[in-house]
Amino acid sequence: MKSQETMLCCLMLFLATECSHHYRSKVRIKDGDKHQHPEGKLKTGTIQEKCRGPCLTASNCSQPCSQHFRGEIGFTCHQNKWQKSTETCTSLSVETFFKDFNSALRLSVAAASVPLYVLDFRAPEPLESVAQGIRRNCPVDYACIIDVVKSSEATSGNIAFIVELLRNISTDLSDNVTPEKMKSYSEVANHILDTAAISNWAFIPDKNTSSDFLQSMNLFARQLHIHEDSENIADELFIQTKGFHINNDTSEKKFNFSTSMNNMTEGIIGMIEIPRQELWKLPPNASQAISIAFPTLGAILREVHLPNVSLPRPVNGLVLSVILPERLKQVLLTFEKINKSQNARAQCVGWHSRERRWDENVCETTLEIMNKVKCQCNYTGMVMSFSILMSPKSVDSKVLDYITCIGLSISIFSLILCLIIEAAVWSRVVVTEISYMRHVCIVNIAVSLLIANVWFIINSNFHKKAQDSKWCVALTFFSHLFYLSLFFWMFFKALLIIYGILVVFRRMMKSRMMAIGFAIGYGCPLVIAGTTVAITVPEKGYMRPDACWLNWDNTKALLAFAIPALVIVAVNLVVVLVVAVNTQRPSIGSSKAQDLAIIMRISKNVAILTPLLGLTWGFGIATLIEGTSLIFHIIFALLNAFQGFFILLFGTIMDHKIRDALRMRMSSLKGRSRAVENASLSPTNGSKLMNR
């Protein structure tokens, strides 16, 4: 029996050696045919020339890899230039992993499963034979493949080869995964997660490779059996693995990670927490929880293209995988942002392994501050990895910051000047009930906007310090209150305009009009703002995570401002149309000059009423639409940052009664100064001074 096995082994060795020798000679012949032009010129050079210089759009080209690599590099013509699109250059093969072991043993293992086309440069190698070699040569910890992987260049072809190797190990060698095996597995994965290899992932022809890699890591980690109560299983530069034993008596468990993008940067922090109420679901016998952190995988993962998803969606934190018992369905995660810009809003997501995309429906953002995001996510067999994406809704433009800063400064100065002018001419312009209430509206609109602008500036500069405090609640409440007061006083002014047009013979008492005005202008905003606080503060959903302003993501508290404001804008727009229609119509036989004068009068009325009734805020609807052009954001910022200046211009300076009252005021002041001067220079006054 033993002699038969020896003869069979020799026969296999002979066949493998002969076939290998025969096919290698065949490959050399094919190489000669492939690279030699009939005229004696190298065809390789001809191919390289084709992939350089000008080209036609949508055309493709390919050239072989450099020496010691198999495969080819594909190019696509883009803007009349060749650009690399794919690459399959690989130096790894079945033989390279076990070249230091006994040759006969290696070939006897490979000959049973590797077909002849393995040695063809153009054909992919089946990796099952590598799994068999690992099982035979290093079954304890997979260490026999680590040196070969680490010494290989991280080309696109080698990355694809290693991902396929890891996938086969996770399916064929995952029957008894120990911490030692997980450590070796992580070392192999760490090589292709290096920051220097990130750009090469984009040229792998199979766009699902990155998703397959993550799924293989999670499947392999799911079979891991940890020994101690707490273990740091793998601590590589670009992958960290930790594990704990847990049961229903375990207190809250946390996985804390701090990994760097490269050797030079500081660590990016991430944390996974299993809530106590989830641990209660576990049986008394011990279970285990395992987590893996990837600092660079977010830049590698490729989503499948979906029609309703805007791509790309950059990942802005660690990718954290978690493997839990089936009974546990919820985890809490904390991510530190990589991009800490104020405009880098975050969206908590989970990676759906079957659909190969980020799913925002499985996670909820519970807190977002300048550099940290907290998420509450649902854990399933299909969603085991989580991260944060940069929200595409934020508009990052310094132009908007400059417009807002300059506009608010001018507005505050204009509103103060407006109030000074109103105080100076008050007694001369409030003659009738309508004129009295009109100026009451102007004053309260200016006061409300002035206070709201001041609160806005305080929020912008101190919200980081006030976050998670009662001060932030106060800042949000008063900002909400006075912005609503601004709109409700504009609404009352519109009602006064309609009252003046429709009611001619009957007038309301001044005291009743004042009561209605203050009830609308301050009473309604106080009720809305107070109700919003009472409902949302107990649920911790009143404020936004990153600023002292009304929340939208969790409780939709922002609707308490948006709905009243937009309704008032719509009503005031109708009032402006009524004013335009009721402006003096041209009489029969009127001249073109009269028609032009009427058109100018209508235009003037509309221009005056638009800022006074808050119609400029209607442009805010366009900015809420995702993908809106930056120009709409700039127009909205210009119109509303300078609203105080527009109120001064159209509500005060362009009012001829106020201008007349100012002239009279100035003339009376000049008359008084002249009278005082004349009195001081009179002989009588001079004799009095001499007598003193």
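Each Cβ is built from the backbone N, Cα and C atoms, and glycine gets one as well.
Copied from TrEMBL, the annotated features are:
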- 1-19: signal peptide (SIGNAL)
- 246-396: domain 'GAIN-B' (DOMAIN)
- 399-424: transmembrane segment (TRANSMEM)
- 400-655: domain 'G-protein coupled receptors family 2 profile 2' (DOMAIN)
- 436-458: transmembrane segment (TRANSMEM)
- 478-504: transmembrane segment (TRANSMEM)
- 516-537: transmembrane segment (TRANSMEM)
- 557-581: transmembrane segment (TRANSMEM)
- 602-625: transmembrane segment (TRANSMEM)
- 631-654: transmembrane segment (TRANSMEM)
Same-chain residue ranges lying at least 6 outside the transmembrane segment (557-581) that approach it to Cβ under 8 Å: 480, 483-484, 487-488, 490-491, 494, 497-498, 501, 524, 528-529, 531-532, 536, 541-542, 549-551, 602, 605-606, 609-610, 613-615, 617-618, 621
Stretch with greatest number of CB pairs under 8 Å, the transmembrane segment (436-458) reference, 399-424, 478-504, 516-537, 631-654 candidates: 478-504
For the transmembrane segment (516-537), distant same-chain residues with Cβ under 8 A (at least six beyond the ends): 437, 440-441, 444, 448, 473, 477, 480-482, 484-485, 488-489, 491-492, 495, 550-551, 555, 557, 560, 564
